[in-house]
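Per Swiss-Prot, NAD(+) binding site is recorded for 67-72, 101-105, 125-126, Lys138, Lys147, and the stated evidence type is similarity to another entry. The Zn(2+) binding site annotation in Swiss-Prot covers Glu180, His242, His258 and is backed by similarity to another entry.
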Amino acid sequence: MIENFISDPHNVKFVENFFNSELFSSLSTDYPIVMISDHYVAEELLPPILDFMDNLGYRVILLTFPPGEKNKTWETFISLQNQLIDQGVSLGSTIIGIGGGIILDMAGFLASTYCRGVPLFLIPTTLTAMIDASIGGKNGINLRGFKNRLGTFYPPKDVWICPEFLATLPKKEWLHGIPEAIKHGCIADAYIWEFLDNCRDRLFSSQEILHEFIKRNCMVKAAIVAKDPKDQNLRKTLNFGHTIAHAIETLSKGHISHGLAVSVGMMIEMRISLESGIMKNPYLIEQLDNLLKYFCLPTALQELGSLIPQHLHNEFYHPENILHTLGYDKKNLSKKAVRMVMVEHLGRAASCNGAYCATPHTDILYEVLKSECHVVCNN
């Protein structure tokens, strides 16, 4: 079964069985297909896929790079660009990114810049990539440790979501995708929280429930992006929790995964929303805390300590260092004015006069961060 369930801002297909020749019908056999992935995915998932494509008559050029956020860099990007040239890849070729969010970001940036743009297809294999990274056309790489500092808007021709890939992942990788779904509930669709509350015990055991969950989240993100494809206003709401999260990832030198960073980032940014007077219901923080904890996700900076090398603790648990890193966030209009998404109530991000992000008072921001770091320093 192939279901084209999203067409705006780009096509997204839901695929129950990846090994279906109909799925590949839009790809020409006249030119090579360039598949971008990492070493792990290439070894664990790609052999049967490459055999299948070979039987369909495709010539596939496989380019891989080492897994992990630390390799989402300019050096990796240039290395892959050089390999495209060495392989004689031309405008007729199509780039396919297959894997998690890091791979899809790299594939998108490559496709958008090589020969000023070649066709791009995305095949997400993690929950985070399925409900977030593959939707919307954003891509990018890190520069000097700062998240997604270089990137473009480049919508894929198609996204193929095949949940059977999730079966190859350890449970913790499934859980790392949950914060993005909870974020969608915070900013746009309160029903997602209700869905998680009602179905959380069966989310990963019922195929029907999992499929509904994935589709719902994809449609939430697609609807937002369709209204603001270039991230001028409404789309910024998708960054809820990410301002703090990106600082966490930067200061941890890549030791904290994106999903765990977003989990803690949402808790901190919701506290800032409350302290700033934008959110009126303090119980919402308790609800968020309980929902994240049910899925064994962290809700405070303190819970990330065991994942960070000891020699980084002093730098990581320092409010001034976090504030300094926040100054480099892409949403900022200036380095001194940190901007972040505020939640008004469940299912609604604050419009902030149409900007959909605001600059919290420095004292509020500092005190919230200080309280997070203080707990660790006193233990």
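A Cβ is built for glycine as well, from the same backbone N, Cα and C atoms used for every other residue.
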Those binding-site residues listed as His242, His258, and which of them has the most Cβ atoms within 10 Å of its own Cβ: His242
Least Cβ-crowded entry, counting other Cβ within 10 Å, from the binding-site residues listed as Pro67, Gly101: Pro67
Asp105 (NAD(+) binding site) - helix vs strand vs coil (DSSP): helix
Nearest of the binding-site residues (Pro67, Asn71, Asp105, Thr126) to His242 (Zn(2+) binding site) - Cα to Cα: Asp105
Non-site residues, in chain order, whose CB comes within 8 A of the mean position of the CB atoms of Glu180, His242, His258 at Zn(2+): Thr128, Asp132, Pro179, Lys183, Gly241, Ala245, Gly259, Ala261, Val262, Gly265
Cβ-Cβ neighbours of Glu180 (Zn(2+) binding site) (radius 10 Å): 26
Which of Asn71, Thr126, the listed binding-site residues, has fewest other Cβ atoms within 10 Å: Asn71
